[in-house]
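Just passing along the structure, written as structure tokens.
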């Protein structure tokens with residue numbers, strides 16, 4: 001065999017290893033050099049463009065060709081020869097007026113240049129003229145670099161006369177390099193805009209034609225062709241290398257914030273021996289411009305000399321949400337809609353009122369900013385606009401070609417809503433009658449899921465939203481979606497047939513929680529929390545998830561509108577009487593039922609009664625600078641639209657169950673358990689009950705069933721696939737585990753005072769588990785760091801029901817002895833008998849006497865109602881005193897309930913018309 005020689009190995013190494021490495025290094029360096037060269041060329045090009053822009057700003061509106069000056073001089077000489085004996089004075093006045101006109105036009109040009117880029121390259125070989133004597137200019141203003149002078153004397157005189165009020169530094173002006181022409185498709189008002197607002201001069205300027213002054217010099221015997229050419233400061237248009245001094249000013253649309261609606265009009269009053277002068281009046285009296293992330297309110301009557309900011313009539317309007325109007329020097333209100341990082345514009349509208357006087361109407365709007373709806377109230381100061389006088393902000397922004405801002409003021413964050421509350425009100429108040437409950441197949445210990453799904457499908461606002469199928473139309477998820485699955489499930493309820501199956505929901509829920517859907521018996525409450533949390537995450541998925549959305553915005557989703565409420569925790573130091581409050585969102589209430597609790601009202605009373613913090617749970621007061629005894633009290637600040645109450649029947653750690661009978665009302669009054677400073681809720685109507693049927697009082701085994709009231713008001717007992725209609729008495733006699741209540745009318749939209757929570761001033765010494773007042777909430781606020789931060793009720797869907805699990809165990813179960821041997825079942829002969837409290841039993845009256853009794857921790861309260869029965873499905877409607885508030889209104893006034901009324905359960909003189917007898921109600 002032929003073997004390679006030893007001399008070939010170095011050559012092969014050189015060819016196969018060294019040369020590729022060297023080539024790779026050289027190619028890398030060559031690539032870097034090429035990139036640097038391209039970058040250098042790009043920087044040089046950008047520098048050249050910047051220089052061109054600076055030169056454009058300097059010379060665009062000030063460069064006048066020398067031949068135009070010569071034409072003016074010839075016109076002046078002609079007028080001197082033509083005018084009669086009194087012409088000398090007329091000529092002097094005309095010259096002064098012409099100079100004043102040029103000064104005003106240049107002032108308007110300087111103002112227009114700020115915020116609007118005008119790109120019209122000017123030939124450097126042109127001769128510039130002096131701003132005062134119109135002679136050949138040799139120097140220019142060192143500050144604005146836009147006005148030329150022939151000598152220092154002219155510069156000083158012109159500065160004192162006019163230029164000191166109009167000089168604006170170059171740095172404050174915009175440097176954009178694009179031009180915008182007012183074509184037919186550029187910037188237009190909405191269809192309500194009056195076409196007569198634009199004059200012929202403006203129309204000609206939009207078409208790029210030269211406009212002439214409308215000055216009438218007939219009395220002087222001078223033709224308009226002999227007059228000094230008017231320098232239109234609206235912009236310049238260059239055609240090839242020729243530049244006309246009569247070109248119209250153009251506005252720039254690239255990220256520009258100013259829309260000009262102005263056309264210079266000239267009018268003169270002349271006579272034989274009377275002075276004549278030129279007046280220029282702008283149609284657009286004022287405008288708003290913004291060239292920096294900071295907001296600038298621009299007033300046409302006042303511009304600061306430093307050019308950094310503009311003066312307006314109401315420069316501090318951003319401090320007040322309702323004061324959004326900016327008045328100009330002409331008394332015309334201009335509406336400004338500030339937004340950080342966004343250049344906004346004010347479009348003033350003019351009109352003629354009945355008296356013939358010209359007035360300006362404030363532009364009002366109601367729309368969305370950055371795809372988030374917010375409402376702005378406006379006041380009309382002139383004529384009313386067409387239709388309802390409301391225009392969309394997005395329409396204005398699209399009309400002007402502006403982009404949405406990514407940064408906004410903090411004060412507008414409180415007004416943003418991920419899901420409009422008005423849409424939720426429509427879902428809450430709509431009527432759905434074509435749905436009927438259908439059974440669900442037990443997929444293997446799935447009774448807990450079936451009971452929860454049956455309760456959710458009877459939740460009216462959720463069902464109305466799912467029937468609309470608005471989520472599936474816009475859902476971008478490629479994988480399985482819970483909301484889409486629920487929509488399909490609700491749509492199948494409209495069809496008649498056999499039992500449905502929730503196997504798809506259970507199988508996908510297992511990917512979220514490994515313990516759900518694997519065939520083992522689980523807790524219905526845990527499954528409900530999982531469903532609600534999943535729906536909430538889906539609502540936030542489009543915006544990047546829970547971690548990227550502001551906590552305040554997370555409270556404005558559809559799920560929060562339905563199940564979200566607000567809880568207040570108040571801690572009072574018993575030494576210095578210092579109080580600190582904190583507000584937290586809640587999604588449901590978990591109530592203890594041990595001890596003396598025999599009714600739902602008792603459980604709520606125990607939940608809201610004050611608790612002393614002492615011993616190991618002492619409170620650290622910042623004012624006392626130590627651990628002191630304190631008193632803590634929980635109360636509901638805002639009642640949710642859908643109130644979910646969980647009765648804590650399962651024992652913690654022993655797998656036992658409190659199997660006592662807890663009475664609950666069909667109509668629940670939450671006023672005694674509210675803070676009375678926030679929401680004033682109406683009655684809550686019961687629509688679903690989940691019951692846990694056990695054996696041997698054990699929590700690790702059993703069966704879940706549900707009682708639901710369909711949207712027609714009929715009650716059904718649903719046991720997986722079996723459905724049976726039942727009377728109300730059977731529902732009220734069951735040992736409920738979960739209760740679902742819905743408000744009789746929706747909660748008013750949250751105000752700004754509810755958006756901020758006070759900062760707590762104290763920290764706990766030791767972690768403590770408060771099993772007495774557990775509360776489930778969805779999302780902790782990031783700025784809440786206070787005393788109860790380690791308490792169980794402040795965790796995500798708190799582990800307040802730590803015993804509410806049903807995992808199998810080999811431990812011996814025990815039967816919890818009921819605290820009462822008597823099951824207090826409310827007599828349902830009267831629909832109001834459910835309000836009877838165990839402390840004060842009232843015998844049912846044959847005349848259906850209404851005695852609404854609620855007990856709080858300190859004093860009892862009552863609520864009087866007028867019982868009415870409509871013809872629709874025998875629905876009982878509760879109303880307050882007719883003089884206070886009618887039921888059809890969406891929101892009641894704050895004085896809907898007289899909370900200072902002393903308790904009088906048997907009689908009410910107001911209803912009895914002065915008679916000393918019990919008020920009785922009969923059906924009609």
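Note: Cβ is positioned from N, Cα and C throughout, glycine not excepted.
Straight from Swiss-Prot, here's the annotation block:
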ACT_SITE  447  active site, nucleophile
ACT_SITE  703  active site, proton acceptor
COMPBIAS  226-236  compositional bias 'Polar residues'
COMPBIAS  247-256  compositional bias 'Basic and acidic residues'
COMPBIAS  331-362  compositional bias 'Polar residues'
COMPBIAS  764-773  compositional bias 'Basic and acidic residues'
DOMAIN    438-744  domain 'USP'
REGION    226-301  region 'Disordered'
REGION    317-366  region 'Disordered'
REGION    750-793  region 'Disordered'
Which residues, sitting 6 or more apart from the residue listed as 'active site, proton acceptor' on the same chain, put a CB under 8 Å from its CB?
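The list for the residue listed as 'active site, proton acceptor' reads 447, 692, 693, 694, 719, given in order along the sequence.
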Which of the three DSSP-derived classes (helix, strand, coil) applies to the residue listed as 'active site, proton acceptor'?
strand
Counting across all protein chains shown, how many other Cβ atoms sit within 10 Å of the Cβ of the residue listed as 'active site, nucleophile'?
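The residue listed as 'active site, nucleophile': 23 neighbouring Cβ atoms within 10 Å.
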I'd like to know the mean pLDDT over the domain 'USP' (438-744).
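Averaged over the domain 'USP' (438-744), per-residue pLDDT gives 86.
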